[in-house]
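Can you keep this structure in mind? I'll have questions shortly.
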Protein chains: 2
Amino acid sequence: MSTPTSVNPLTLTVALGDRSYPIHIGPGLVDDGERLASYLSGRQVMVVTNDTVAAHYLERLTSALSAADDRLRIETLVLPDGEAHKNVDGVSRIWDALLEAGFNRKATLVALGGGVIGDMVGFAAASYQRGISFIQVPTTLLSQVDSSVGGKTGVNHPLGKNMIGAFWQPRAVLIDTATLSTLPERELSAGLAEVIKYGLIHDSDFLGWLEDEMAALRDLDDVVLAKAIERSCAIKAEIVALDETEQDVRALLNLGHTFGHAIEAYMGYGTWLHGEAVGVGMLMAADLSMRQGFIEQADVTRTRRVIERAGLPVAAPREMTVEDFVSRMKLDKKNTDDRMRLVLMRALGEACVYDQTPPALLGECIEAYPRA
Amino acid sequence: MSTPTSVNPLTLTVALGDRSYPIHIGPGLVDDGERLASYLSGRQVMVVTNDTVAAHYLERLTSALSAADDRLRIETLVLPDGEAHKNVDGVSRIWDALLEAGFNRKATLVALGGGVIGDMVGFAAASYQRGISFIQVPTTLLSQVDSSVGGKTGVNHPLGKNMIGAFWQPRAVLIDTATLSTLPERELSAGLAEVIKYGLIHDSDFLGWLEDEMAALRDLDDVVLAKAIERSCAIKAEIVALDETEQDVRALLNLGHTFGHAIEAYMGYGTWLHGEAVGVGMLMAADLSMRQGFIEQADVTRTRRVIERAGLPVAAPREMTVEDFVSRMKLDKKNTDDRMRLVLMRALGEACVYDQTPPALLGECIEAYPRA
């Protein structure tokens with residue numbers, strides 16, 4: 001009954017009191033059924049994935065799991081791939097499958113895939129029978145460094161991204177770095193946008209290291225990749241531990257996201273990758289930070305260069321007007337009754353939440369920003 | 001800018017750490033706009049109700065609220081009345097309305113109505129932008145003594161009752177006892193089933209008091225009614241404080257509910273009132289408790305009499321077979337992987353969770369139970 005076990009993955013703990021959980025990072029974790037089984041709540045398990053990831057990893061993961069414990073009742077659900085399917089209907093399919101299987105409150109959901117799967121499975125877990133356990137096995141760089149930490153779950157609504165959801169923490173996160181070998185290059189770049197973000201908001205040394213190692217990261221150098229993922233998760237975990245439900249400091253993690261969400265919503269979810277939109281959004285935030293007098297032109301140039309070297313777009317969609325941006329940015333969850341709250345940079349490596357940007361300055365910034 | 005203020009309502013606190021909240025009980029609270037306004041999170045308010053309750057109280061409540069603070073932005077949403085509408089589509093209408101209004105995370109939902117409105121609005125609040133504030137203004141006896149306390153929110157699924165939802169606490173509960181004057185007698189009786197339940201599970205003195213005061217309760221005697229509501233909420237608050245997410249002792253509140261849910265699901269949600277099904281369910285649980293040797297025939301008779309005197313049915317639906325009950329009872333959230341957990345009575349006034357009932361004994365009990 002033994003399964004191949006990954007050798008000494010890196011482990012960090014997200015410290016959230018009785019909702020704390022470990023993140024394991026290393027090659028081979030998809031095949032480590034014993035480790036996965038050790039985090040189950042009962043014997044009922046439903047592995048949810050998408051059709052793209054299923055082809056590579058679903059059978060491997062379920063085989064490892066049943067080899068680890070043959071008393072488990074393992075069900076699988078394969079959803080269509082893509083951000084366009086991240087909606088209430090997608091979550092309903094998970095609820096339906098759980099009920100059709102007769103699964104109870106001791107059941108565990110396993111999210112095998114990228115951020116879309118993780119967000120949907122997390123919200124299904126948060127809301128099935130008022131909350132069951134779930135485990136994340138993220139297979140994209142973006143989800144490994146972003147949705148692994150923080151417990152944000154949810155789905156999109158035609159009127160806004162991630163508008164329906166919950167804060168719900170996983171029992172564990174298993175990051176198998178070897179799964180990045182099957183990730184399309186464009187998605188790897190999108191994930192690098194979030195990695196760069198951690199440097200920009202919180203750690204200028206990490207930003208410098210990323211500038212040096214960008215080529216190695218894009219070549220999937222295992223050691224460099226693992227270090228980048230670990231540092232990203234650690235920065236996010238540190239910030240989330242201070243502010244689990246996003247009352248204040250956690251908002252810093254949204255650098256580039258207010259602009260980026262406007263791009264995603266305008267273009268139709270799934271047209272731009274989330275990380276691509278965030279990459280341009282961070283540049284727009286950098287530009288606005290300069291206009292506010294917080295950073296220099298040289299900082300903006302350096303930001304542009306590292307984003308470019310990650311293989312990401314740096315120009316906004318040609319057809320988007322100032323109003324196209326502003327109307328969507330007003331829906332942002334960070335806003336209070338009457339003020340738009342934006343994440344800007346006081347310096348490279350130090351973000352801040354700022355709600356005093358004059359609307360005219362924001363308009364100028366968007367108007368002047370380069371278009372593709 | 002003054003509104004009529006209710007005179008000294010009874011107040012109790014549900015103690016849940018930083019999620020603690022007050023329950024105010026008294027006549028006239030629907031018109032107490034200042035009290036309601038004091039619990040808002042920001043200036044955006046959406047009052048959700050059903051078409052029946054709207055005719056009596058919606059205009060009164062919103063007028064009182066805007067008189068208390070004319071800077072509020074008050075939106076209203078009127079949903080169709082009835083348990084049949086307590087589903088994901090109903091919650092979607094609330095999400096849609098919030099997004100169409102452009103409401104943000106500082107918005108507050110007000111649930112004006114019975115348990116269906118409270119459960120749907122509560123889940124909408126739990127899941128809109130990952131959680132916003134809500135206030136309950138329950139207008140049925142059932143919701144005043146049941147869903148006011150405990151933070152259970154959610155909706156039905158074709159395969160099971162309350163299968164989709166969350167634990168989410170209100171900021172405050174305002175119980176206007178005068179609203180019971182417009183409640184149909186059948187619904188008053190259904191609410192009395194839950195009041196009787198508190199006596200049966202936790203307080204034999206209260207049970208005795210209810211036997212004495214049943215006529216006064218059905219005559220809507222204000223003083224007796226307020227005392228019954230206060231004692232019911234206090235018992236529930238005491239149990240919920242011990243076990244917010246229903247790991248153990250909170251399950252006692254489900255006396256009669258496992259049988260009752262089977263009746264509701266079989267007959268189609270909304271055919272039997274929840275309290276009617278719980279009334280029969282408590283009698284079936286009493287009968288099973290006697291068969292287990294926990295209580296005497298005299299206790300069962302006494303239970304039947306108080307339920308009858310509340311104007312409730314005491315016979316199960318004629319057409320329901322043992323299998324009709326058992327198949328639905330197996331879906332109950334209290335169950336673990338392989339055991340059915342039932343709430344039984346060790347004595348009148350002392351309930352227990354019991355998972356050792358032999359399936360054959362359960363079958364006999366259901367088979368022999370009187371049908372209408």
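From the backbone N, Cα and C atoms, a Cβ is placed for every residue, glycine too.
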If I go by TrEMBL, which of A:H202, A:H274 binds Zn(2+) at the same site as A:E194, A:H257?
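Of the residues offered, the record points to A:H274.
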Per DSSP, what is the residue tally for the domain '3-dehydroquinate synthase N-terminal' (A:77-189) in helix, strand and coil?
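Split by secondary structure, the domain '3-dehydroquinate synthase N-terminal' (A:77-189) comes out as 45 helix, 35 strand, 33 coil.
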Among all protein chains shown, how many Cβ atoms are found within 10 Å of the Cβ of A:T179 (NAD(+) binding site), not counting that one?
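There are 24 such Cβ atoms around A:T179 (NAD(+) binding site).
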Between A:T182 (NAD(+) binding site) and A:E194 (Zn(2+) binding site), what is the CA-CA distance rounded to a whole number of Å?
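Computed Cα spacing between A:T182 (NAD(+) binding site) and A:E194 (Zn(2+) binding site) is 19 Å.
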Based on Cα distances to A:H257 (Zn(2+) binding site), point out the closest of the binding-site residues A:G115, A:T140, A:T179.
A:G115
Which of these binding-site residues has the least crowded Cβ, counting other Cβ atoms within 10 Å: A:G115, A:G118?
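Checked A:G115, A:G118; of these binding-site residues, fewest Cβ neighbours within 10 Å: A:G115.
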Counting each residue once, how many in the domain '3-dehydroquinate synthase C-terminal' (A:191-335) are helix, strand and coil under DSSP?
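Counts, helix then strand then coil: 104 helix, 1 strand, 40 coil.
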Test of understanding: give the count of other CB atoms lying within 10 angstroms of the CB of A:H274 (Zn(2+) binding site).
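Looking across every protein chain shown, the total is 28.
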Could you work out which of the binding-site residues (A:T140, A:T182) has its C-beta surrounded by the smallest number of other C-beta atoms within 10 A?
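The binding-site residues A:T140, A:T182 were compared, and A:T182 has the fewest Cβ atoms within 10 Å.
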